[in-house]
Every structure is written in structure tokens, then in C-alpha cells.
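Down below is the structure, laid out as C-alpha cells.
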Amino acid sequence: AQPTDQQMDARSFLSEEMIAEFKAAFDMFDTDGGGDISTKELGTVMRMLGQTPTKEELDAIIEEVDEDGSGTIDFEEFLVMMVRQMKEDAQGKSEEELAECFRIFDKNADGYIDSEELGEILRSSGESITDEEIEELMKDGDKNNDGKIDFDEFLKMMEGVQ
């Protein structure tokens, strides 16, 4: 079978080491060497790989991945699913982390980052950056042109960075 676009995307998202690690975990549960594992074992394999799906998430994942209802998942389907979980985890985490960053950067706690605060942040991270560059970043980030960056604008700026 030809790999689907999703499967190719999943492989390109992962490093060779990660694929090998996932394969090793997958193979432990592929007891008959048939190249697939039971959906019942999926949660165990995911937890071995550091994921923590809830029962509901797991059911939703199985329903999505086991399209033919065979009760089994092959390795390519497994990769797609792991990548999806990793991306969702990263998104959830990064928003919390960014909210935390925003609070730290917003020195006077007015709910905005101004160009002075932005300059401090960038310089403290070891960037050698000119005032012109800071103004440029402010202009790019400040979508409503009020001279300061609110949390939504900050999130959009950071999306561009990641």
C-alpha cells in the first residue's frame, strides 16, 4: 500500500531516532510479528512513549485511526496518531508557557508589552538587537497600531517564531 499524505507528513515530522523508538515500542506489542497491534494495547504503548491520553482521548484516537474497524492499527497509522498527539500536546503547552512569558515580559502588568519591555526581553535573551529592529518588530506585531502588543498579538508573533 502507498503511504498516504498524512503518513508521509508524520514521517517528515519525526526524526529517525524517534521513528526507531516508536517502532521498538510498537514491536513489543506486535507479538505475532504481523505488523499491527491491537487497539486495546494502544494506550499502553503511548504511555511507554511519554504520552498520557485519557480514556476519552484514546477512544477518539482509536475510532479515528482504526478506520476499517479491524481492531488493529499498523505502524504507519500509529505514527500518524503519535504525531497528532505530540502536536496537540505542544500546542496546549506552548500557549500556557507563552501566557507565562507574557506575564513576565509585561513588567508593569498593564496587559500589554510596549517597545521598552520588548527590548528588555530580547536583550535579556542574549540577542544583540538595535532599537530600529525593536521598532520593526513592534510594528509587525502591533496589528491594531496602538503602540503596544496585547496577548493575542503576542501569540501571533510567537507563532511566527516557532
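Cβ coordinates come from backbone N, Cα and C, glycine included.
Classification of D30 (Ca(2+) 1 binding site) by DSSP places it in coil, neither helical nor stranded. When other Cβ atoms within 10 Å of the Cβ of D30 (Ca(2+) 1 binding site) are tallied across all protein chains shown, the result is 20. For D30, D32, D36, E41, the entry in Swiss-Prot reads Ca(2+) 1 binding site.
Summarising the environment of T72 (Ca(2+) 2 binding site), the number of other Cβ atoms within 10 Å of its Cβ, over all protein chains shown, is 19. Residues or ranges marked as Ca(2+) 2 binding site by Swiss-Prot: D66, D68, S70, T72, E77.
Residues or ranges marked as Ca(2+) 3 binding site by Swiss-Prot: D106, N108, D110, Y112, E117. For E117 (Ca(2+) 3 binding site), the same-chain residues 6+ apart in sequence whose C-beta sits under 8 angstroms from its C-beta are F105, D106, K107, N108.
Packing around D142 (Ca(2+) 4 binding site) is summarised by its Cβ count: 20 other Cβ atoms lie within 10 angstroms of its Cβ, all protein chains included. In three-state terms derived from DSSP, D142 (Ca(2+) 4 binding site) belongs to neither a helical nor a strand segment and is classed as coil. Taken from Swiss-Prot, the feature Ca(2+) 4 binding site applies to D142, N144, D146, K148, E153, supported by sequence analysis.
Same-chain neighbours of the domain 'EF-hand 1' (17-52): 11, 58, 61-62, 65-66, 71-75, 78-79, 81-82, 85-86, 89, counting only residues six or more beyond its ends whose CB sits under 8 Å from a CB of the stretch. What Swiss-Prot records for 17-52 is domain 'EF-hand 1'.
Taking Cβ pairs closer than 8 Å, the domain 'EF-hand 2' (53-88) reaches residues 3-4, 6-7, 9-11, 13-14, 19, 22-23, 26, 35-40, 42-43, 45-47 in its own chain, all 6 or more past its ends. Among the features that Swiss-Prot reports, domain 'EF-hand 2' is placed at 53-88.
With a threshold of 8 Å between CB atoms, the same-chain residues lying at least 6 positions outside the domain 'EF-hand 3' (93-128) that come near it are 134-135, 137-138, 141, 147-151, 154-155, 158, 162. According to Swiss-Prot, the domain 'EF-hand 3' annotation covers 93-128.
The domain 'EF-hand 4' annotation in Swiss-Prot covers 129-162, and the record cites sequence analysis as its basis.
Per Swiss-Prot, the feature N-acetylalanine maps to A1; the stated evidence is experimental evidence.
Sequence-remote contacts of a segment are chain residues at least 6 beyond its ends whose Cβ falls under 8 Å from one of its Cβ atoms, and for the domain 'EF-hand 4' (129-162) they are 94-95, 98-99, 102, 111-115, 118-119, 122-123.
Between the CA atoms of D30 (Ca(2+) 1 binding site) and D68 (Ca(2+) 2 binding site) there is a gap of 19 Å, rounded to the nearest whole number.
Broken down with DSSP, the domain 'EF-hand 2' (53-88) shows 25 helix, 3 strand, 8 coil. In this view, E77 (Ca(2+) 2 binding site) is surrounded by 20 other Cβ atoms within 10 Å of its Cβ, with every protein chain counted.
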